[in-house]
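Undergrad: Take this structure first; my questions come after.
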Amino acid sequence: MNFSDAPIDSASAARLHAEGLRLDLVDTADTAAFSAWIRAESRGFYDDEPSEKRLAYMLEHAAYRRTTGVWDESDAVGAEPVATVSTWETPLSLPGGSSIPVWAISAVTVAPTHRRRGIARNLLESELRTAHACGVPIAALTASEATIYGRFGFAPSAFASDVTIDTRRARWAGPAASGRVRFTTREELHHSARAVFESARRRHAGEIEADDALWAETCATDERSADKVKSLRAVRYDDASGALQGFAIYRVTGGEDDFTVHTVEVQSLVAATDDAANGLWRFLLELDLVTAVKAYLRPVDDSVAWQLSDRRAVQSRPYDHLWLRVLDPVAALEARTYSAPIDLVLDVADPNGFAEGRMLLSVDESGAGTVTRLDADADVPADAAHLALSVNSLAALYLGATPASTLVRAGTVLERRPGSAERADAAFRAAEAPLLSIWF
Ligand SMILES: CC(=O)SCCNC(=O)CCNC(=O)[C@H](O)C(C)(C)COP(=O)(O)OP(=O)(O)OC[C@H]1O[C@@H](n2cnc3c(N)ncnc32)[C@H](O)[C@@H]1OP(=O)(O)O
């Protein structure tokens with residue numbers, strides 16, 4: 001059983017049925033039914049009414065996802081659903097270069113006519129139960145608001161930064177790139193740059209695979225709204241041997257009052273190598289008639305700040321971006337590698353039960369971890385570190401974005417033995433801050 005053939009969750013279906021609502025899967029091969037679902041999702045996110053092209057595009061690229069809706073049983077047959085959710089399985093990059101399957105959750109909407117009646121709760125809980133039944137160890141999402149998902153066991157596990165660089169102050173002080181930047185088209189990138197995105201995403205813990213729909217969004221070839229892409233330019237970076245190693249898609253705005261004052265908005269900057277990142281950043285920062293470069297979804301430890309003559313030219317706004325919910329802590333903790341050996345006992349509290357319990361994580365000198373479930377009252381080995389935490393805090397620690405010692409200071413992780421957080425920090429730390437560079 002997997003995301004594409006798992007049946008609808010009977011507990012949520014029964015609860016919603018008692019409220020006059022029907023929880024069901026959409027047959028995405030049924031054009032009318034899937035189109036109605038897409039219209040409901042667009043309305044839920046205040047998007048434009050989807051065009052025929054948009055519907056055709058979704059029917060082609062997103063139909064493979066598990067597509068769930070809630071219908072008001074008093075509405076006519078064939079009416080749009082009053083709630084939507086879309087899920088699929090995808091690999092998540094982990095510290096150490098490995099990956100783990102996650103249950104990606106997207107398109108959570110409830111119609112304003114039906115809000116705050118528990119529909120989203122039933123949708124979320126049904127997805128978590130289904131993911132767990134399918135053996136997927138983690139659920140993942142990007143959130144419209146930071147206030148919604150903590151109650152379901154999610155926590156921010158990777159952060160991203162929006163940066164604005166004042167190019168009048170910043171001169172390039174980084175290494176010269178070995179290759180060259182050339183103009184291309186978004187369509188050509190769509191065709192030829194997917195392997196570059198793939199190797200870039202494997203470099204960073206926190207990235208997921210771009211399926212066809214997400215890849216098209218990354219290249220802005222997705223028909224979402226043709227008028228929004230008219231001003232986009234695309235450049236590619238080829239290394240000294242001529243191999244494509246990165247690309248950027250950007251638009252230049254402003255200049256109305258003073259033609260020497262434009263802003264570059266970088267929609268994507270994807271680099272498989274540091275050399276490609278250097279070449280692309282330098283190109284963008286040295287564009288004539290431009291006084292600011294804005295880039296979105298950048299790593300919070302972006303090295304570009306160290307490559308400018310004046311680091312105060314950079315302003316960063318970090319925010320929570322990837323939210324994870326651990327469903328199987330044994331599989332999750334064994335999938336990543338660690339930066340230092342440790343024996344660590346974790347007492348995990350999970351109101352939904354999935355991750356509840358005491359477990360021992362043993363990390364050897366190579367950084368590989370094995371996890372043993374312990375009885376709740378089992379003795380803790382004499383030399384082991386020992387932390388008590390919620391399933392949310394486990395997700396916050398998981399990719400190394402937030403140290404255990406920060407959460408101990410915050411009072412959300414309890415150190416059952418002194419010094420345990422510092423030892424956990426050394427083990428969970430990742431060489432680079434985890435990053436998710438797309439929305440899904
Ligand atoms: C992964 C994603 O897709 S993120 C996108 C989320 N969707 C959106 O932002 C689109 C606009 N908003 C909506 O469609 C809806 O308001 C939703 C989906 C956020 C919530 O749907 P509802 O059916 O109203 O939520 P529901 O009634 O099940 O509420 C469940 C719980 O979440 C809380 N909650 C719901 N929405 C919010 C919110 N926006 N902010 C804070 N808390 C919220 C409720 O108070 C309730 O809390 P409790 O059960 O602990 O008392």
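Backbone N, Cα and C atoms are what each Cβ position is placed from, and that goes for glycine too.
Those TrEMBL annotations? Automatic predictions, nothing curated.
TrEMBL feature annotations, pasted as is:
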- 21-175: domain 'N-acetyltransferase' (DOMAIN)
- VAL108, THR109, VAL110, ARG116, ARG117, GLY118, ILE119, ALA120, ARG121, SER144, GLU145: acetyl-CoA binding site (BINDING)
- TYR149: active site, proton donor (ACT_SITE)
- PHE440: active site, proton acceptor (ACT_SITE)
Undergrad: Hey, what's the Cβ neighbour count for the residue listed as 'active site, proton acceptor' at 10 Å?
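TA: Looking across every protein chain shown, the total is 20.
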Undergrad: May I ask which of the recorded positions VAL108, VAL110, ILE119, GLU145, TYR149, PHE440 have a CB within less than 6 Å of any atom of ligand 1, listed in sequence order?
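TA: If the test is a Cβ under 6 Å from any atom of ligand 1, the answer is VAL108, VAL110, ILE119, GLU145.
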Undergrad: Whole number in angstrom, please: the longest C-alpha to C-alpha distance across VAL108, THR109, VAL110, ARG116, ARG117, GLY118, ILE119, ALA120, ARG121, SER144, GLU145 for acetyl-CoA.
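TA: Site span for acetyl-CoA, by Cα atoms: 19 Å.
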Undergrad: What is the number of other Cβ atoms found within 10 Å of the Cβ of ARG121 (acetyl-CoA binding site)?
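TA: Taking all protein chains shown, ARG121 (acetyl-CoA binding site) has 15 Cβ neighbours within 10 Å.
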Undergrad: Please compute the mean pLDDT of the model over the domain 'N-acetyltransferase' (21-175).
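TA: Here the predicted model's pLDDT, averaged over the domain 'N-acetyltransferase' (21-175), is 96.
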Undergrad: For ARG117 (acetyl-CoA binding site), which DSSP three-state class applies?
TA: coil
Undergrad: Between GLU145 (acetyl-CoA binding site) and the residue listed as 'active site, proton acceptor', what C-alpha distance do you get in Å?
TA: 14
Undergrad: Counting other CB atoms within 10 A of each CB, which of the recorded positions ARG117, ILE119, GLU145, TYR149 comes out lowest?
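TA: Comparing Cβ neighbours within 10 Å for the recorded positions ARG117, ILE119, GLU145, TYR149, GLU145 has the fewest.
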Undergrad: Just how many other Cβ atoms lie inside 10 Å of the Cβ on VAL110 (acetyl-CoA binding site)?
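TA: Excluding its own Cβ, the number within 10 Å is 22.
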